[in-house]
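> Please find one structure pasted underneath; my questions will follow.
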Amino acid sequence: QGEARLRSVSMLVASQLEPTYARTVYPCFDEPAMKATFNIRIVHDPSYVALSNMPAIDVSEMKDENGSLWTVTTFNTSLKMSTYLTAFVICDFDYVTRTERGNEIRIWARKEAVKNGYVDYALSITGPIFSFLEDLLNVSYPLPKTDLVALPDFGAGAMENWGLMTFQESSLMYLPSDKFTSRKAMIAIIVSHELGHQWFGNLVTMNWWNDLWLNEGLSSYFEYLGATFVEPKLPLDKIFYDHVVQPVLREDNEIGVRSLSESEDKIKGSFSLMSLFDSITYNKVKNTKFFLFLVYSKLMSYLKEFSFSNANQDDLWTHIQMVIDAQDEVHLPASVKQIMDSWTCQNGFPVLTLNLTTGTISQEQFLDKKNENSTDSYNNTWIIPISWMRNGSSQPLMWLDKSSKVFPEMQVSESEYDWILLNVNLSGYYRVNYDQLNLKRLARLLENDPKAVPAVSRFQLIDDVFALTQFGYIQIETALELTKYLAREDELFIWNVVLLNLVPEDLESTLKSYEVYPLLKKYLLKRMLPIYHYYADFIRQNVDALEDDYFAQVYLEKLFATACWLGLQDCLNLSSELYAKWMDNPEYKIPFLIRRTVCCYGVAVGSDKEWNFAWEMYNHTGSTKEDKDILLSAMSCAKESWLLYRYLQYGLSDTLFSSNCTSIIILYVVTKDIGHRIAWEFVTENWPLLSERYDKTLWILIHTPSSRYQQKHQVVRIIIG
């Protein structure tokens, strides 16, 4: 029995018991394998509603010893489940509801948000995703109700509690006035992920936390299937590789990164349980399409055998092996367990080196060759499925099951039109290091006909060559060969990975990039012009036409900021035009997609008149927190020294800014070309006042000139007080 007593001073109570906090709420054996049924009763203030995993079966009243009246909400006995999934919320929220196949779905949120329709979109997709997953898995959802609660502040982001899912407000709310689909995509993906957990994690739970990926990895895969089902226009395949594959490949090559599945003893000795909730757990296995094909075909029996129970990864391998043994189409070079253990029980991932003259492919762990401590001491070898194409035609799947192997089919002729592409559409979790011969042929192909290579593969080629450069496998000149075609590249998500690798992250100071800036200006600008003008025309004529262009909503700001930073006159003119339009009519909305860039360069190109307008709008009562953040940054873009110095002086004022804004303003100014010197002079002159006022640490970012194409920076810590 769990009881919670609340007085009216409590506005909201919401539980988060994963991984090991159930023991702090009620006495229990708080282990995922020790499943039980739960009878929950909550005693609470009558002006609040209580929610838990199961439907309420009784609501009554009671008086305490002081005569105060309380409401007692009793819930139906839960299904057999793990302790970390028990949940309760006590709130004064309102809800919207619909029923899907007998499952009562309610979305709870602040009354004002419900009234304004902010959770209507979440309600419209939750039922269809539930039905989609039921049909896909052929396993019915076993609960009679599902509550999704939007919490104003929730550090976990979202939690899959069985029948009572909790979400950070921003992960569940969509404003009907929002014309753009990027927020819809985020909501659909997050909701799909938590709904996937109702089967993977709740119905079938990992034996212990060392196999957490059985919960998170599988739910992370189905999140994209569910989101695609309700938002078929979204380019979710590209979103998947851009948001999931590329980031985890960059994280999983660091020294000391754990393997996906560790022994219980190692985790108990070396890791905190919370550290397991990382991108390795969520994303690594779902990046291997071959694995997902195998898993998908046998999940039904896996779910049915282990329903209301627990499983480890070997149980999943056993079920997949049953599929393989019962058919003749797919032939594996080893058992499913041997193949999959090479991916889940070893840390990191491989890089494949291809020699087209001999047809030899070798593998090694992808590590930083520039780092003396980064050596392949484990001599890891993976069993790797290789999807590939030759001259645009898909070829049969090949397997690399040793450190090196000759594939006669991959030997090429002397014709420069004879080329090979491995890991087509990033279907495997590895990087590819081509020999010079093939790289030149691929570079030539891209210049002549970029669409001959699938978009995801172009993305992969660019990301691989820059990662290989960064880690010392190839020279930067080799990587740049593959970017010569970019004037013909029309995919923003590919441009973003180029900019991610070639330009400094903040794009603010040219001083710290003095070596590379003129080279970038010459090399990049002429290649950026076609895609820049394509989108600039939309901005000028019909920005609403981009409401279904997901990557424009996510990455157009970066493209335009880079163009302006590199001095493209049309970009500077466009920023001035839109900023002037806003000054003429403060009700005018600068296009959201490039608002930060327009505000910065509108101030930069202008004079004190433009700066003063930014200051006026910052202090406008209707300005949102996001508006204020954009304008705080924009005011540091001024090119006149006295404006920056005045801005810093304003930052000292108790009446003009809150105290935490001072350090933010200094940080914004110090990163600018002329601001670097001004900010340090200001800090020096005002040191007595700063040291007296702040009894905390102030961080100042000092940038040093860039090395090669990567900016370097150094953080200096100034202790005040």
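Positions of Cβ are set from backbone N, Cα and C atoms, glycine also.
Note that the structure is predicted; figures quoted are calculated from it, not measured.
Below are the features listed in TrEMBL for this protein:
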type	residues	note
DOMAIN	11-85	domain 'Aminopeptidase N-like N-terminal'
DOMAIN	121-343	domain 'Peptidase M1 membrane alanine aminopeptidase'
BINDING	His193, His197, Glu216	Zn(2+) binding site
ACT_SITE	Glu194	active site, proton acceptor
SITE	Tyr282	site 'Transition state stabilizer'
DOMAIN	419-696	domain 'ERAP1-like C-terminal'
> Near Glu216 (Zn(2+) binding site), how many other Cβ atoms are within 10 Å of its Cβ?
27
> Using Cβ-Cβ distances, find the residues under 8 Å from His197 (Zn(2+) binding site) that belong to the same chain and are at least 6 apart in sequence, listing them in sequence order.
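For His197 (Zn(2+) binding site), the qualifying residues are Glu160, Asn215, Ser219.
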> A 10 Å Cβ contact count, applied to the recorded positions His193, Glu194: which residue has the minimum?
His193
> Which residue counts does DSSP give the domain 'Aminopeptidase N-like N-terminal' (11-85) for helix, strand and coil?
6 helix, 28 strand, 41 coil
> Find the average pLDDT over the domain 'Aminopeptidase N-like N-terminal' (11-85) in the predicted model and report it.
96
